[in-house]
């Protein structure tokens, strides 16, 4: 058929020419034919019997022979279908997970911080220093309430914001640092300067809120910019230090390194600076990261982001395996601070650094265990939490030392001071740099006011009120030898680490000129005074949250002080002195004494099955110690939550204290996590230990839960503990750890559904709809799939090489780490990134449970997509009506077209009857009466499409990322599918032709759903690109101009746009097609969590196969041969080129 412009048309399997319209219009293409009578569904009368176009002739499959199909209307079919109930189960599971996730403890123990900010931009930091000068900026923060000069002259600290983070997030930390220095300088200016403390100069980079979590190249650009900024920052001090009049310039050399403070992905940028080519050796020696996902990328959808992570971890781990002379990181300290369970952006376990940093150069803590914080903090609050910033800046201020060019103390001292600040704690009045130095005091104790306790453990000091008893001095003689005791321990609510405290706990030596034992002094009745040299050992004091009858959470209240003197340090002393110097009655308590109970935790054994079934129950006596520790080898997974109930048996006549109620401390060693539960009776337990998809590194005992109970042994006689699994609370913990599978696992389900579509289509049936294919998959393959994932989960959990070595107690931790680090890379199974990442076989049941949920969610999503397609088809029908259709014209077109079909004669189209319909309006009526004619495209239109494709591909290879072209292809395919649905629903031609339209729609819908599932993997890069475009940043994405990543999608969508149905396959093609579908399903199932970005390539490979099938049946030859340029090229080659050569 030629239109008024001379275009020759193709109608979905029928070829129209100007000369042989009749024969061409009804030329049969067996590859596209199905002799059905009705719209394809699962009814008996819809099962056709059509032979395949291949060499073999398989018999038609009867669906009812394999699956019992219900009769009735749509509602009855839906009620009786298995898909509905699987979808309902999946939705219920998802709702339980979401409700559990939202119902987790939400208490945020953060106070708001108040600042007076001022930012100084360095406009001189331009293209002379960095190629990113037009994109990023560098600022210096100044707190106007205490700082007047805008010139940096102190100690440089560079803050790096995270994903979509603002440079203004530095204000809370910088303001606190400015106040800390101002207060210290005002209190003792000379002492502050002599200690090497100068004003902290907080610099900050402005990344214009880049989406660094989505794109590896963006992280590389940011790391390069940071390395460009560091030398510029250091250059500012060479002149400013010389002209400063606040201190002796000779005592403070110009700095050669900066301290990096990174929030979220800013911590990864800080860590990556060492791997860049423009890094200056020694320019950074301390990194502190806040809520940074060091172990894994939070969204591994970008190939270069995952490779970026791997390169960083490999660089760090391999560097520490070198000798100190060759290791560029030998003097670098990395401190990682995680926010805990309130962080909904980053999985807390991802902040672990133990796999690539040895204990000598790394420190990892959770905010729930940081003294004076004792709270989980959400991701954004890490940048402004008042309680947290006080402790954080206190640690940074402690390690600063401007007397050296590195501006920090030595590596060992840095870790010791930060451990003191972030793990052990101390009163804020103390200078933590001086805590390790004992405070000497000489004591002359009046024996009339002194009580001497027995040398044997068991006798307890218990003061329920201070300043009341006439006994003011309590002496605990240290037995010689000390083998009969393990330690001296004391707990109080008084700040015993201050020399001004009313309660003093001192380790004392007797005056050797008088006597050297307490017993000798007491036997001598003439002595009225005990003279002793005593020391306040502040490093033995650890801060604990206050646990009273009035506290409900560990944060926001006062502190307890726990004093523990191990027997190894008792040899230099004769007795422990506890003095009550209160001059008037005061509230407070003291409980303490010798303990012969080891601090080593007692192991509570039991099988994992028993733990899941009935939990753990045990009891213990409190006699002999304030604290008791227990370890639970089976409780180590981060996806399981528990509830703990504690009941107490009191001594007869004892009354519970209000000032000190029982407290529970839960902890694991790797990663180091501590959490406190005050006023303990019932609470929830969960750990951030072994996590899905995380490397198993170190000893298993380091990841087991340890519980430590603090209580008054003078009141409580026995404790009864019951730990029960909480499956409801555990459900909420699955969301954060398996959210990436929401993007990859649906591909598994759709691939298996496509297999069923091709299977029935190959054996003569209609091409099943997605709903029917999913129903078949559920009835015939769901049990097999659940069984498969269960077996694979168990097998993978046992195949993982955990590199667990028997390391002697007390062995050098650095040497042990190197052994682990050297053995882990040698194992292929070193990481459990496969399938669901389950590292213990006991959790195998999660695999089929999650699989069932994902299958049901795919069913739900497919129903939603089909509804959207029907809506788009309806809109398309309205569009056709508004293109000038009339009821009379439609009726004439219907009548005319049926005459042609009935007589099998189209000569009328060449004569007067067609002339009557040749107007634009009449042609539209004809299209609406025969919707298949809407697939007709002329030569010029096809040429325009080809030119458009070539332009898109050229742009994808040069200017825009291929993900943008993919979005265009997805939109085109969506419109094609909606159009196909409209044509199939309103086609007025024969039932056989209408069947072809339904087959084409179902096939196109499958392709559309598959492409839609890839969108979450590709669109994050588009967000980054659009962000750069909005900032007028024109540097292209060199890593996202991949021709082969987009060409199969473009070509296939263009083929489908012409309405060409995939031909039936012969047996060989059918089995090859199955291999491709199973490959796609297998890869998405096994590697979907580790490398989901490669799913795009696997789908592209499958689309190449579909293109081959189209090409094999002559689609490209038939269409390309019609281009006018083809005969011209033949004429040119034959008559011009060949003649010129001859």
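Going from the start of the chain as shown, residues are counted 1 onward.
In case you wondered, yes, glycine gets a Cβ from its N, Cα and C as well.
In Swiss-Prot, the annotation transmembrane segment applies to 741-761, one of the ranges 699-719, 720-740, 741-761. Within the set 1097-1117, 1118-1138, the record from Swiss-Prot flags 1097-1117 under the feature transmembrane segment. Sequence-distant contacts of residue 264 (active site), defined as residues of its own chain at least six apart whose C-beta falls under 8 angstroms from its C-beta, comprise 161, 162, 163, 165, 213, 290, 291, 292, 293, 345, 346, 379, 382. For residue 679 (N-linked glycosylation site), the nearest neighbour among the listed glycosylation sites (596, 1002, 1028), judged by C-alpha distance, is 596. The separation of residue 596 (N-linked glycosylation site) from residue 1002 (N-linked glycosylation site), Cα to Cα, is 76 Å. Annotation: stretch 849-869 has the most Cβ pairs under 8 Å to the transmembrane segment (81-101), among 849-869, 1006-1026, 1075-1095, 1097-1117. Between the transmembrane segment (849-869) and the transmembrane segment (741-761), the number of CB pairs under 8 angstroms, six or more residues apart, is three or more, so the stretches are in contact.
Residue 1002 (N-linked glycosylation site) falls within a helix when secondary structure is assigned with DSSP. Separation of the C-alpha atoms of residue 596 (N-linked glycosylation site) and residue 1028 (N-linked glycosylation site): 65 Å, rounded to the nearest whole number. For the glycosylation sites 596, 679, 1002, 1028, counting C-beta atoms within 10 A of each C-beta gives the highest total at 1002.
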